Amino acid sequence: MSYLILGIESSCDDTSAAVLRDEYLLSNVMASQSVHKEYGGVIPELASRAHQLNIVPVVDSALKHAGVEISQIDAIAFTRGPGLLGSLLVGTSFAKGLALASGKPLVEVNHLQGHILSHFIRQQGKENRSPKFPFLSLLVSGGHTQIVRVTDYLQFEVIGHTIDDAVGEAFDKCAKMMGLGYPGGPVIDRLAGEGDERRFRFAKPHIAGLDYSFSGIKTSLLYFLRDRLAENPSFIEENKADLAASFQKDLIDILLDKLIKAVKLTGIREITLGGGVSANSGLRKRVLSEGEKRGWNVYLPELKFTTDNAAMIAMSGLCKFRLGLTTTLDVAPVSRVSQMI
Ligand code: KG4
Ligand code: ZN
């Protein structure tokens, strides 16, 4: 049976809609919100207003680019959570309204599952490598840092997670402390390419098992900068690239330390990355090189599937729809999906 799935994503500050014909991507349209830049972070109230403005043209454009009418769609998949409640409400309400008006079934999607399943999206003319089950997913975003054991399309087990900040937050806060703007991850990534990663060292966490912690390293950078700035007010400006490179290397070391441990514990050598931080060029290189050294099969998401996008929501929706997992119209969004992944 072949299915056409419309996906809608509005969990944070990107409004996106996509159409899949089975695993094949027909369209993936995105409206990013620049309004948050001047505030140094996402302002929830402004994000929901921008979603409200963008959602109709974005969905319309995704259908047009795919060359399909809403009447041809088999199911409407939308992000139910986790994310910002006001943002999720816009996508959820829109999806419910569209489902009611068109008579199409609704499928709720967990945003984090979307990031993990993005590896199964196929594109015409591309290599389309997908991991084999079971695999480990290192899920690294602005809101989450997890190692997930995936045994089937909808069988997920979180085997490690952060006990405080997410790694994306650590990137963003580092950039903020250095006065580099928001979102900080891409700026740190670019600067790190020009710096010496061995120049500075920051405090590493000592957490048992497969869990992560990123609050200590952030505080370590804060005190380090405070002390250096007291001696030399131009310290950041003069050492920007080395600071970015060193901080990024420490974050990558922390991520890899637990990933290597997870491989040893589970014996699983199929490794995927997902989430906004998986766009980081240092992390991508490092996972590839560790993989080569240790005999892992590594699957890196294409850059357009690293940050929030509706293609991954449509992909997750397809997996659920194939199993008959649809959602009723009384569904409400949830900001946290505790262990629902
Ligand atoms: O997955 P995502 O788009 O949204 C969430 O679900 O959180 O991730 C956003 C996060 C931000 O913290 C951003 O700074 C980070 O991903 N990010 C990066 C890079 N591109 C985005 N971090 C490091 N290097 C990058 N190139
Ligand atoms: Zn995300």
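Placed from the backbone N, Cα and C atoms, the Cβ positions cover glycine too.
Positions annotated as domain 'Gcp-like' by TrEMBL: 25-314.
DSSP classifies ASP308 (Fe cation binding site) as coil under the three-state reduction. The Fe cation binding site annotation in TrEMBL covers HIS111, HIS115, ASP308.
Sequence-distant contacts of LEU139 (substrate binding site), defined by Cβ-Cβ distance under 8 angstroms and a gap of at least six in the same chain, are LEU112, HIS115, ILE116, THR145, GLN146, ILE147, VAL148, GLY274, GLY275. Sequence annotations record features per position, and here TrEMBL assigns substrate binding site to LEU139, VAL140, SER141, GLY142, GLY143, ASP172, GLY185, ASP189, ASN280.
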Would you mind sorting out which binding-site residues among LEU139, SER141, GLY143, GLY185, ASN280 put a C-beta under 6 angstroms from ligand 2?
SER141
Which one is closest to ASP308 (Fe cation binding site) in space, judged by CA to CA distance, out of the binding-site residues SER141, GLY143, GLY185, ASN280?
SER141
Calculate the per-residue pLDDT averaged over the domain 'Gcp-like' (25-314) and state the result as an integer.
95
